[in-house]
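Just below is one structure, and these are the notes that go with it.
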Amino acid sequence: MDLGECTKIHDLALRADYEIASKERDLFFELDAMDHLESFIAECDRRTELAKKRLAETQEEISAEVSAKAEKVHELNEDIGKLLAKAEQLGAEGNVDESQKILMEVEKVRAKKKEAEEEYRNSMPASSFQQQKLRVCEVCSAYLGLHDNDRRLADHFGGKLHLGFIQIREKLDQLRKTVAEKQEKRNQDRLRRREEREREERMGRRSGSRNRDRRRSRSRDRRRRRSRSVSRERRKSRSRSRERDRHRRHRSRSRSHSRGHRRGSRDRSSKHKKEVWTIRK
């Protein structure tokens, strides 16, 4: 599978900048990477299913028992190929002892494979056994033969294509876990912010209600003070009115008394004058 040249920029400095920036805030590039790898793996799985369908149409039908024996041979072939690839990798790294141990395990698996092939050969006619039975690799969608030798199996399971798909699938599983954790954290943060906002709104409504009650109380106090002031003014006005009335009555009585006194004086003076006049006569 040739994907061509990558269109992305691969720069160690940019990677370092991203790692530093991702510690300060969540850029959520993992979601884009997960979507890209999911589309890539989905295409590989689609090709695998298509290859299986083609093999089912072209290859000769066999019974379930024979198919199970062939499947066992395929599994042992995969085990041999994986062990040989691992042994070669350890030998290249200089770990000769571990490589020799794995080669000893390969010999044991080869013995099991020989027995499985005998069972499979005995369950089929010679003409059918000579037909090459193929199988599709579930990891990279490549074709594997039932009678492939160890060298070809080692080349396949230790090849860049197969190992690359293994890394992609492992990375995809890791990204799915990371994205799920971040989405859960984001949902929790969103839920916490919503609860805080609702709490602030409730506190704001309570504060607004208290402010309205306070304003109403102050308004009632002002009305009461205003009413008391008006009542005092009215009482003062009535008191001044009564005071003026008393003053008027007092002045009226004073004037009446003064007029009576002057009238009496004039009468007495007049009487006195008459008496004097009479005497003179």
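Keep in mind that glycine also has a Cβ here, set from the backbone N, Cα and C atoms.
Note: TrEMBL annotation is automatic and uncurated.
Lifted from TrEMBL, the feature list:
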COILED    41-119  coiled coil
COMPBIAS  179-204  compositional bias 'Basic and acidic residues'
REGION    179-281  region 'Disordered'
COMPBIAS  205-274  compositional bias 'Basic residues'
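Counted with DSSP, the compositional bias 'Basic and acidic residues' (179-204) comes out as 26 helix, 0 strand, 0 coil. Mean predicted confidence for the coiled coil (41-119): the pLDDT average there is 81.
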